[in-house]
Every structure is written in structure tokens, then in C-alpha cells.
Amino acid sequence: MKFKRYLQVTKPGIIFGNLISAAGGFLLAAQGSVDWWLLAATVVGLSLVVASGCAINNCIDQDIDAKMARTQKRVLVTGAMSTKAALAHGVVLGLAGFALLWFCTNPLATGCVLFGFVIYVGVYSLYMKRNSVYGTLVGSLSGAVPPVAGYCAVTGRFDMGAAILLLMFSLWQMPHSYAIAIFRFKDYEAAGIPVLPVVKGISAAKQQIVLYILAFAAATVMLVFGGYAGYGYLAVAVATSLWWLKMALSGYKRETDDRAWARQVFFFSIITITSLSVMMAVDGQTPPHSRAVMTADAGHYG
């Protein structure tokens, strides 16, 4: 079916993951006072842009996708869909998404999404992924944009809460991506993609995974110390971070099967970030300085 091909080229799994984090950022900022139309416009607009980026990424990556067992059945590699059709599909989705964000949210949220799109398509996909071991680091910025955009769609400003979300989700991307690179090591090696495990070895990647999880754990609790989230969120953040760290440290055991271990680290990374996105939504709080700003605004407009 033609529809199925057009859907597959947009990587629905990635869209769904970004939708969850965007909604988490939005609801964190909304603090229970939800503008449902704005939420719908934000997540739909963002999802369309993410779908656009994924479709264009498929066009860019089809040569290396043909070399990787995991991606050899993608529609552009098999010829089930033409590059021209996929590119046109991506452009239309992107234009629709940006139009929805521009007219229904605010310039800051739209600008955040544009930043993420340019980083993912223009910097990561076109150059860094193929040429630098730091491609994962650069790509992590685009992966951290959805919750920030969701947050800024509500607040209209880039404040400490937005900065914490950017840091937190960027740090999460690193062990998540390195774990993929370890259990898909042969694929990345065959395609000549300079990810850390291929360039510097699996041991170096394991060390980086542990360090980034520690940094991520510290970043997650900053939402609580900043007054943006409550103790329910804190309990989940501490529990998931510690379990993820324990799992990562188990990779140093002599009898460890690196591929199986990396899969566990990868799958738990998804559980971790999904749990935190949900808890941000249900246990968000208004920090004192934001309450002061809102009180001042209410006095000004009253």
C-alpha cells in the first residue's frame, strides 16, 4: 500500500517518542491549566516537522542504509519508494508543521523546532554522522528540542526550566545512542559510520555511558531543586536513574555479553525518559520566581 510506504519513511516510532516528550514539556509548563487547542497544535505541528526530518534523513542516508542489516529493508533502499517522492513528502510535511507552529503557538517555540530541524538534517545527517565521532553529541541537541519546544509553547520564554529540559534530554540521548551503537556495532562498522564504539572501542563507550548517566541523573533532579517538579517526580527520577546506572555498571562484569547488555541499557533508557516525561506532566509545579512574574502580569493587566 502506498500509504504504508509514506508512513514508514517518516519513522513513526521516533515521532511517537518525540510526541511524548513534547507533551511532557508542555504539561510541565502548563501546571494543570491546559489550553487543549494549543497542546494539540504543538504536538501535531512538532510531529509533522519530526516526520519531515525523518523522511529527508532517509533520502540522505539511503546509501549507508543499504550497508546495514537493520536498515536494508527501508523503502528507499528496496526501491519501493523513489527518492523524489520521499523528499517531496518530507518538504510538504515540514511546511505544514512549521505553518501550524507559527500560526498557532509562538515564534520562540517555532524557532526551537526550526533549530532542531536544522541540526538534525543540515548538520547531523548531511555531515557529522558520516565524518565525526562527535556526531552523536551534535545530534543530541536536536533530540532534546521537543520537550523544550513544548515548554516554550506555553511560557513564551526560554527560562531556567527550558534550559534544564535541554540539558536533561541532551544528556539522555548519549547513553541511549551509544547503547544502540554497541548492539548494532557490525552495522555501523560495515557502513563506515564513526560512532564512538567503532572509533574508540566498546570499553570507551561503556565508560562514556556511565558518565553520561551520572550527568543525566544530576540534571533530572534540577527540576525539583528549581521548583519545577515535586517529590513524586523526584522519586521516579532517582529510582530510574539509579537502576539505569546499576544496569550500565553491570557491563563491566567479565562474563558480560556486550550486545545483550547494550540492548538492556537501550530499552531501559526508553522506560526512563518516558517515565520522567509522564511525571513532569502530572507532578509539575510553579517555581516561586514564576509565580512572582505571573502575579506582576496579573496586576498589570487587571
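Placed from the backbone N, Cα and C atoms, the Cβ positions cover glycine too.
The model shown is predicted, which means the values in this text are computed figures rather than measured ones.
With a cut-off of 8 Å between Cβ atoms, the residues of this chain six or more beyond the transmembrane segment (14-34) that come close are 42-43, 46-47, 50-51, 54, 143, 146-155, 161, 165, 169, 223, 228-229, 270, 273-274, 276-278, 280-282, 284-286. Per Swiss-Prot, the feature transmembrane segment maps to 14-34 (among others).
Using a Cβ-Cβ cut-off under 8 Å and counting only residues 6 or more beyond its ends in the same chain, the transmembrane segment (36-56) has close neighbours at 9-11, 14-15, 18-19, 22-23, 26-27, 30, 86-87, 89-94, 96-101, 104-105, 109, 113, 116-117, 120-121, 125, 142, 146, 149-150, 153-154. Sequence annotations record features per position, and here Swiss-Prot assigns transmembrane segment to 36-56 (among others) based on sequence analysis.
For the transmembrane segment (85-105), the list of distant contacts is 6, 9-10, 37-38, 41-42, 44-56, 58-59, 75-76, 113-114, 117, 149, 153: same-chain residues at least six beyond its ends, Cβ to Cβ under 8 Å. According to Swiss-Prot, the transmembrane segment annotation covers 85-105 (among others), on the basis of sequence analysis.
The transmembrane segment annotation in Swiss-Prot covers 108-128 (among others) and rests on sequence analysis.
The feature transmembrane segment is assigned by Swiss-Prot to 133-153 (among others), with sequence analysis given as support.
Residues annotated as transmembrane segment in Swiss-Prot: 163-183 (among others).
Per Swiss-Prot, transmembrane segment is recorded for 209-229 (among others), and the stated evidence type is sequence analysis.
The transmembrane segment annotation in Swiss-Prot covers 230-250 (among others).
Here Swiss-Prot flags 264-284 (among others) as transmembrane segment, drawing on sequence analysis. For the transmembrane segment (264-284), the list of distant contacts is 17, 20-21, 23-25, 27-32, 147, 168-169, 172, 175-176, 179-180, 183, 209, 220, 223, 228-233, 236-237, 240-241, 243-244, 247-248, 251: same-chain residues at least six beyond its ends, Cβ to Cβ under 8 Å.
Distant neighbours of the transmembrane segment (230-250): 175, 206, 209-210, 213-214, 216-217, 220-221, 223-224, 256, 261, 264-265, 268-269, 271-272, 275-276, 279-280, 282-285; these residues of the same chain sit at least 6 beyond its ends, with a Cβ under 8 Å from one of its Cβ atoms.
When Cβ-Cβ distances below 8 Å are used as the criterion, the transmembrane segment (133-153) is approached by residues 18-19, 21-29, 38, 42-43, 46, 50, 53, 101, 105-106, 108-109, 112-113, 115-117, 119-120, 123-124, 161-162, 165-174, 177-178, 181, 193-196, 199-200, 277, 280 of the same chain, each at least six residues removed from its ends. Counting same-chain residues at least six beyond the ends of the transmembrane segment (209-229), those with a Cβ under 8 angstroms from any Cβ of the stretch are 28, 160-161, 164-165, 167-168, 171-172, 174-175, 178-179, 237-238, 241-242, 244-245, 248-249, 251, 265, 276, 279-280, 283-290.
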